[in-house]
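Structure first, then comments.
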Amino acid sequence: MAVSVLAILLASCALAAASFDKEFDVTWGDGRGKILNNGQLLTLGLDKISGSGFQSKHEYLYGKIDMQLKLVSGNSAGTVTAYYLSSQGPTHDEIDFEFLGNVTGEPYTLHTNVFTQGQGQREQQFRLWFDPTNDFHTYSILWNPKHIIFMVDDMPIRDFKNLEGKGIAFPKNQPMRLYSSLWNADDWATQGGRVKTDWSHAPFSASYRGFKADACVVTAGGRPRCGSSVGTEVAPGTGAAGEWYNQELDLTRQQRMRWVQSNYMIYNYCTDPKRVAKGVPAECSM
């Protein structure tokens, strides 16, 4: 009984919100990125001179990543808040959330993408069913050997499935760090670049809290350490990882995802007439 209680306590500690100063490095921005409140809050700033960004100290090879964000408020046109997992190099893998700002009163665009072996162009875009600037909301990436599932407040919005058996690449071998940045992209971000950043509203700020990673962390020796609640070093898939490792969407959650896609998706690369004319990507017909 004592062992079981200890295991539960350890698991609870492992999934508690992590301290930003222990888990992340602010990598650019010359002081515009700040870790506050004893490591429980991180803010990124953007002005006309520079944006800012941070990255995780650890690399992950599969995991469930949660982060609470509160986005730039007011006139955020031209700004992009990016939050993504990525490896490095010309054949990198990447799993993207990007939040494209808009003029006051107009909704943000949530932009998602998946890169495999350096190839992206798998964009799906959504509106949100709430104002993401009023309060913090949780944006999650579930990445396991069979699925990449994007979630907003635990609501699934996208499921990129492993279809390697059909000849479609899937991220599985390259460890990825978690990155985030706030930057100016007014050449494309808002209404195709027609609306530019209004610097009279600067500095712009995005806030982060509640980071959790139930994941396989790559150690200095290159081995993934799964099941952080027990601290054992194992290869992925041997049973020490959490439930996320084999998680799929059940029927109810599939229905919720379809509801989001039916009501809030505004762009899908699989149905873009310009893309379709050149041939539908293979995964779109599966």
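In case you wondered, yes, glycine gets a Cβ from its N, Cα and C as well.
Automatic prediction, not curation, is the source of TrEMBL annotations.
Some features that TrEMBL has for this protein:
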SIGNAL    1-18  signal peptide
DOMAIN    1-208  domain 'GH16'
ACT_SITE  GLU94  active site, nucleophile
ACT_SITE  GLU98  active site, proton donor
CARBOHYD  ASN102  N-linked glycosylation site
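Counting only same-chain residues six or more apart in sequence, the Cβ atoms lying under 8 angstroms from the Cβ of the residue listed as 'active site, proton donor' belong to VAL80, THR81, ALA82, TYR83, TYR84, LEU110, HIS111, THR112, ASN113. The Cβ of the residue listed as 'N-linked glycosylation site' has SER76, ALA77, TYR108, THR109, THR190, GLN191, VAL195 as same-chain neighbours under 8 Å, each 6 or more residues away in sequence.
Around the Cβ of GLU94 (active site, nucleophile), a 10 Å sphere holds 18 further Cβ atoms from the protein chains shown.
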